[in-house]
Amino acid sequence: MDKREIFVKMASIEERIGDLYKEIGELKDVIVVLMEENAQLLVENQHLRNRLDRKKTGSQAKQKGTSPVAKEKAKKAVVGEGYDNLARLYAEGFHICNVHFGSLRKEGDCLFCLSFLSGGPQK
């Protein structure tokens, strides 16, 4: 092989590597979109389950005649559970702040999310 052939092959390899790099970037973007959609669906699924549980609990409470104190404790338990779910989502790498809610955290910790988490569940 002469120098020209080697140079042409290197240029060809460089071009293929560039194309592969572009394709990897596109696949990465698709994965980010799918992960965000998955997180949104997980949150929606959890909300629907909570709603179903409340509906079941409400119909059982009507039958049993639950006291107001028990109803207040149930409300506080739901709030604590929601906070735990948001903390779990943040730990999995998603924003829980009102600025970027549900999107994937790409650059480490988010101050808005951390300020929300540091406030803890409101009593």
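In case you wondered, yes, glycine gets a Cβ from its N, Cα and C as well.
Straight from Swiss-Prot, the features:
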type	residues	note
BINDING	H95, C97, C110, C113	Zn(2+) binding site
REGION	52-72	region 'Disordered'
Neighbour count (Cβ, 10 Å) for C113 (Zn(2+) binding site):
22
Other than H95, C97, C110, C113, which residues of the chain come within 8 Å of the Zn(2+) site, judged by Cβ distance to the Cβ centroid of those residues?
Y90, I96, V99, H100, F101, R105, L111, F112, L114, F116
Identify, in sequence order, the residues in the chain of H95 (Zn(2+) binding site) that are 6 or more apart from it along the sequence and have a CB within less than 8 Å of its CB; answer 'none' if there are none.
F101, G102, S103, L104, R105, C110, F112, C113
Reduce the DSSP letter at C113 (Zn(2+) binding site) to three states and note it down.
helix
Which of the three DSSP states, helix, strand or coil, fits H95 (Zn(2+) binding site)?
coil
What is the total of other Cβ atoms whose distance to the Cβ of C110 (Zn(2+) binding site) is within 10 Å?
20
